[in-house]
Ligand code: ATP
């Protein structure tokens, strides 16, 4: 075991072996108590031991990252060409080729660096938190600030934040696979174990990086950061993933295929030129180089990265934090979103509105968390404390409760579970206060609420030291535990039918249901066990709690429906409540709802048949979520599933896009997810889908913009070779064009905002390849246009007797001008850009075009550039011709859009 604080033992003393010590000894050694450290001491220790963080995995150094930019088959070809050009004595070409490769690599390096930094910053938003007890109070702090001696509380779903010696446990089960490789959870306790016990048998310890799958515990931090067992094996839990997605890989493959094709073509041209046209090998080599340089889209990888990173940043701004980059793309093709209800579709601001007790229905007045409001029956105000069963019910609600109410400057807040907060507020409206000694019976033990068992129980002694066990939970669950009910005239046998009727009636109004019950009894042992709490209660009351839907969720559900995405609600709540809330959100209206127990009775085939039809799933457990995801996927759907608990992790992992709640979600759920919602809000999922679609669109637009440049240039070179013309553009000039167009112009498309109708289209089919028939057509058409514009200008000028230099300068400018105009075309793939939004909607596009103009002016008129690129000055008339060639591309491209939209197949495309 790693050493304790150095100040607590001398240098030559061996460090304490924590698992062999009792918790008291550990507390003494680390000078801490159940009230935790004092804040000042904690910050002193933080200075001494450093933050509780593992050294991040070794990143590649900047030099290595720069060198890796050259590791690309397309750049190898250019580098090779540069070397041979140098050998042949074409120094300028060799240098330009080399400079082009270097500039490209530097741009790639800078852009990738920025993209990684942006994504790291977003990941840092997911830094884990820990519950610590300091100065006798519970605080939530960054896990990085934990120090030895801190007292930490663990709950199911937590990643253990540091090495802990456990001091109290409540059915704590920890999965230690991260450390021991054993995936079965280990049950923990507090008794010391033998010194030679292996890690997996040290039942009194919870080690950093392991996962609490069940129960609660507290423990004292004995080691932090790299001093933990995990730090010693020096393994980061979640490796940092690279900037790669299926689409990026598809493009990579495409790039490699293209490289091979270009090499072959260049080789054919080289051989044919020598044998057929009788050129010298040296001349033909330069031709082949020109061809290779023209056809290779060097800027492609860097822009892809930037587009993805920008998408991730935009999503983060809308509260969706992407953990796995491929999710950015998958989000765009989601066809079904399965969402939790409470807090995601609803506001999670709960207020008790109704209590059914002693044969009466009490309405509870007041809004929000302020403890002001009357109890009334049929509009007549009553004093709740005069009705003994109601008073006991309210007391049960307040005592069987882990939440807290706080008043900050006149504003009331609830800390903890909002359902429990609502009960505290209801109690306070009747004059019962949580911390009030008269009302707070001494709590001796509790079984906290877990979604699986749907109840919470506490064990108390009242003022007369009589034992009481109080429960609250889902009505079906509580009714099963009760034998009697408390009426105005005392205890009577339970009338289950009455309560069920009242439950259905209350739930049908969209109210969330809780039942309260109590029994005068003590547990068999000194702690509450499940066997103590299962039977023998007296039913007190049924509570109806309102939790209204979020306005923005109603809008987002509507938007999803328009976007061809089905929204399903999966909730632990009562089926009638679920249905009523669903109706307010337009989910599952007029369709049957299913409960978890009905799902449990179905086999996979039956579930597959109904999964698509049913939109509301109530009283559902995590394993139902998993089965539902599977059933939907088997039916060919792309599924997004939300979750927060540790048991939701398998469903989140299985879903195409697992979405975890950032606020109420456990670490386990977050780690299993692809996306974390910073605000737990359904609307953020819809935004993320929108951004996901936009990112994919932008990548497509960029590639559609980029490839015709290369295609056009390559066609120019090929035509020159075929017809034995002088090269209209030299290799150096080709590289100049590529650099200007892809690095400056193309980048602007990464900033393209989502198109207006983006959420009015059905989801993109999974596995859709970029290189569709339409795609190939568009690239070919624009390539030919570019070629036609530049080549005819070149030939026209030559036949007019202009010098080769001038004709070439014009050809180069014509290609760039065509690209500038085509950038505008590219803003919308099929919609026209001939309107205000189309021409001026993206300032980056205008900026990029504006940046290109001085570059081309410099290329044409600057003596230095003229020396390097053999360019010459152009007259005003010549400039006009250049712009005319550019306009030609623009007009034909717009015309093509109109024709495509007219054709039936095109209409389909446009609708897509
Ligand atoms: P969702 O899955 O949409 O978030 P939910 O939050 O309603 O739904 P659970 O938290 O699993 O789902 O709650 C299920 C049921 O358990 C509730 O309808 C309620 O009756 C009961 N319940 C909820 N919170 C508590 C609590 N703190 N103590 C006791 N019972 C509770």
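Quick reminder: no glycine exception, Cβ is built from N, Cα and C everywhere.
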Which of these ranges is annotated transmembrane segment in TrEMBL: 735-754, 755-774? 735-754
Out of 844-862, 863-881, let me know the one TrEMBL marks transmembrane segment. 844-862
Ranges in play 43-59, 94-110, 111-127, with TrEMBL marking transmembrane segment at 94-110
Listed stretch, out of 66-88, 94-110, 702-723, 775-795, that has the most CB pairs under 8 angstroms to the transmembrane segment (735-754): 702-723
Taking a Cβ cut-off under 8 Å, which residues six or more beyond the ends of the transmembrane segment (844-862) line up next to it in the same chain? 736, 740-741, 744-745, 747-749, 751-752, 809, 812-813, 816-817, 820, 823-824, 827, 869, 871-874
Would you say the transmembrane segment (882-900) and the transmembrane segment (284-310) are in contact under the rule of three or more C-beta pairs closer than 8 Å, pairs 6 or more apart in sequence? no
Averaged across the domain 'Cation-transporting P-type ATPase N-terminal' (17-90), what pLDDT does the model get? Just tell me the whole number, please. 85
DSSP-wise, what's the residue breakdown of the domain 'Cation-transporting P-type ATPase N-terminal' (17-90) into helix, strand and coil? 44 helix, 1 strand, 29 coil
The transmembrane segment (702-723) touching the transmembrane segment (882-900) per 3+ Cβ pairs under 8 Å rule: no
Outside the transmembrane segment (702-723), at least 6 residues beyond either end, the same-chain residues with a Cβ under 8 Å of its Cβ set are 251, 262, 265, 269, 272-273, 277, 287, 290-291, 294-297, 299-300, 303-304, 307, 729, 734, 737-738, 741-742, 745-746, 749-750, 770, 775, 778-780, 782-787, 790-791, 811, 815, 818-819, 822-823, 826, 829
Checking distant contacts: for the transmembrane segment (807-824), what same-chain residues at least six beyond its ends satisfy Cβ-Cβ under 8 A? 705, 708-709, 712-713, 716, 727-730, 733, 736-737, 740-741, 745-746, 748-749, 782, 785-786, 789-791, 793-794, 797-798, 833, 838-839, 845, 848-849, 852, 856, 859-860, 869-872, 874, 878-879, 881-883, 885-890, 893
